[in-house]
Amino acid sequence: MGQNNDSSLHGFILLGFSDNPKLEMILSGVVTIFYLITLVGNTAIILASLLDSRLHTPKYFFLRNLSFLDLCFTTIVPQFLVNLWGLNKTITFVGCVIQLYVYMWLGSTECLLLAVMSYDRFTAVCKPLHYLVIMNPHLCLKMIIMVWSISLACSLVLCTLTMNLPRCGNNILNHFACEMPAMIKIACVDTKAVEMSVFALGIVFVLTPLFLILISYGYIARAVVRMKSKAGQRKAINTCGSHLTVVSIFYGTLIYSYLQPGNSTSKDQGKFLTLFYTAITPSLNPLIYTLRNKDMKDALKKLIRVAYEST
């Protein structure tokens with residue numbers, strides 16, 4: 001880390017929205033609500049899909065992984081809340097490192113997982129007769145292992161580059177979390193090389209999966225148009241609509257946050273975007289995947305009935 005990185009001894013001070021206590025109070029209430037929705041909703045999806053044998057399919061296997069991923073994201077939210085409530089605006093160096101690595105790992109994983117889920121939907125709609133043969137349990141497990149492993153490697157590279165930047169004793173982060181853009185801004189050297197590395201890997205882990213998703217949905221759209229059955233068209237649209245909504249929300253905020261020049265966003269804009277895709281987006285996924293999904297709604301009713309009878 002070098003002798004100039006005094007923050008390794010004293011940790012970091014997270015400013016958050018210190019200049020606007022009223023905004024912090026409002027945001028703390030909003031984030032708390034979405035935090036609880038995320039915990040309850042994603043836990044319910046995991047339990048319901050495990051208990052109902054009809055949901056033991058590749059589609060719901062990947063959905064369980066997405067819900068688990070969203071639950072992992074919520075491990076960072078309490079730090080946000082503590083900061084917004086004004087209870088503690090500091091974080092140790094070790095805590096900051098762990099937060100940064102985990103945050104990047106989970107974000108990269110979701111990018112790749114959404115691409116895998118789009119391939120699953122492509123196979124279900126375009127090759128329905130061979131779906132269970134192609135998307136066999138062995139292949140699904142290999143895909144998930146690859147997604148988590150590749151994302152971990154990406155996180156290790158980017159976060160190591162970021163944490164090794166000299167900070168010359170500067171340990172004040174104008175953020176409420178140890179996020180990569182905020183960490184790069186407090187470096188006391190030219191960061192163009194690191195920023196280019198982030199941008200290059202961003203293209204690989206953000207734009208490439210998004211490109212594959214768009215190709216998959218291009219084939220899906222063509223297959224839906226060619227369907228003669230209106231019922232089949234509605235089923236295909238309902239099957240893919242939820243996933244496409246999640247993709248639009250997640251990738252929209254991610255691209256706006258990371259794949260643009262470092263000085264093009266205001267200091268508070270980046271904070272709001274971080275809150276959105278860390279605290280709010282994971283709470284939307286359970287709603288999006290259940291409101292129009294009859295099988296999932298039936299499974300959730302069964303879960304509620306079992307829980308009621310057991311008490």
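Just so you know, glycine gets a Cβ as well, placed from its N, Cα and C.
What TrEMBL lists as transmembrane segment is 25-50, 62-85, 91-119, 139-163, 199-220, 241-259, 271-291. According to TrEMBL, the domain 'G-protein coupled receptors family 1 profile' annotation covers 41-289.
If you look at the transmembrane segment (25-50), the same-chain residues 6 or more away from its ends with a CB under 8 A from one of its CBs are 17, 56, 60, 63-64, 67-68, 70-71, 73-74, 77, 80-81, 84-85, 275, 279-280, 282-283, 285-287, 289-290, 296, 299-300, 302-303.
Only residues 6 or more beyond the boundaries of the transmembrane segment (62-85), in the same chain, are considered here, and those with a CB under 8 A from a CB of the stretch are 14, 16-17, 24-25, 27-28, 31-32, 35, 38-39, 42-43, 45-46, 49-50, 91, 99, 102-103, 106, 109-110, 113-114, 116-117, 120, 140, 144, 176-177, 246, 275, 278-279, 282-283, 285-286, 289. Through the fold, the transmembrane segment (199-220) approaches residues 108, 111-112, 114-115, 118-119, 121-122, 125-126, 151, 154, 157-158, 236, 240, 244, 247, 251, 254-255, 258-259 of its own chain, all at least 6 residues removed from its boundaries and within a Cβ separation under 8 Å. If you look at the transmembrane segment (139-163) against the transmembrane segment (241-259), you find fewer than three C-beta pairs under 8 angstroms, all six or more positions apart, and that falls short of contact. Listed by sequence, the residues of this chain that lie at least six past the ends of the transmembrane segment (91-119) yet keep a Cβ under 8 A from its Cβ atoms are 7-12, 14, 59, 62-63, 65-66, 69, 72-73, 75-76, 79, 143-144, 147-148, 150-152, 154-156, 158-159, 162-163, 177-180, 183, 205-206, 209-210, 212-213, 216-217, 243, 246-247, 250-251, 254, 278. Listed as Cβ neighbours of the transmembrane segment (241-259) (distance under 8 Å, sequence separation of 6 or more from its ends, same chain) are residues 66, 107, 110-111, 114, 117-118, 121, 181, 198-199, 202-203, 206-207, 210, 213, 217, 265, 270, 273-274, 276-277, 281, 284-285, 288-289, 292-293.
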